[in-house]
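Please read the structure below before turning to the comments.
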């Protein structure tokens, strides 16, 4: 086995090389990463290597042999599959690693994200929904010193940026959202999809699932005439009356 192949072969199902393939299959079946769209990257906390899904590979068929591996310090590729090129998302993934101290980043072409980008302006907003409690607030508990999540009564805000012809051209707007929304764990790209990051792949996955649930709920609320961030008890004021 070559030194490059050692990086991607492990019997541990939670090894980044195995986990990326498992999650890509799941995301494909969730209709989030079809037609080779989307991507994922995981930082191995044991080696500080970045594992990156390649460009142009059907996500449900991805294998560890398809993955790129990069040194987090030098940003040099330690492993590059001959048949593929790096994901166009790579500069955006690196920005999340370097500026947000992410441990993993998920990029999907979720239809819910795309539709929300058409309905909302510069930011997605939803409030007073239980699932919001799965999203980090960016604050730290003064007693336990542990990260706090949003509360039921908080408003989740996710910035929306404009799409570009090429994904690497999104980098300036992504850096701007880091400054304007320092506590966000996601950014929606209009007519394109969403990027979600977290301190670990488990957290990033939870955030991504919760946000997609909330976006789907917001779309249904919008169809009913209910603003997704309306106050508790105000829902019926906005309900569209059914036709007789």
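Here, residue 1 is simply the first one shown, and the rest follow in order.
Every residue, even glycine, has its Cβ placed from backbone N, Cα and C.
Pulled from Swiss-Prot, these are the features on record:
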type     : residues      : note
BINDING  : 89            : substrate binding site
BINDING  : 107, 109, 192 : Zn(2+) binding site
ACT_SITE : 130           : active site, proton donor/acceptor
Taking only the CA atoms, the spacing between the residue listed as 'active site, proton donor/acceptor' and residue 89 (substrate binding site), expressed in whole angstrom, is 32
If you run the three-state DSSP split on residue 107 (Zn(2+) binding site), which class comes out? strand
Here are some recorded positions: 107, 130, 192. Which one has the most Cβ atoms within 10 Å of its Cβ? 107
Determine which residues of the same chain, besides 107, 109, 192, have their CB within 8 A of the center of the CB atoms at the recorded Zn(2+) site, and list them by sequence. 37, 38, 108, 110, 113, 189, 193, 194, 195
Restricting to the binding-site residues 107, 109, 192, which ones have a CA within 10 Å of the CA of residue 89 (substrate binding site)? 107
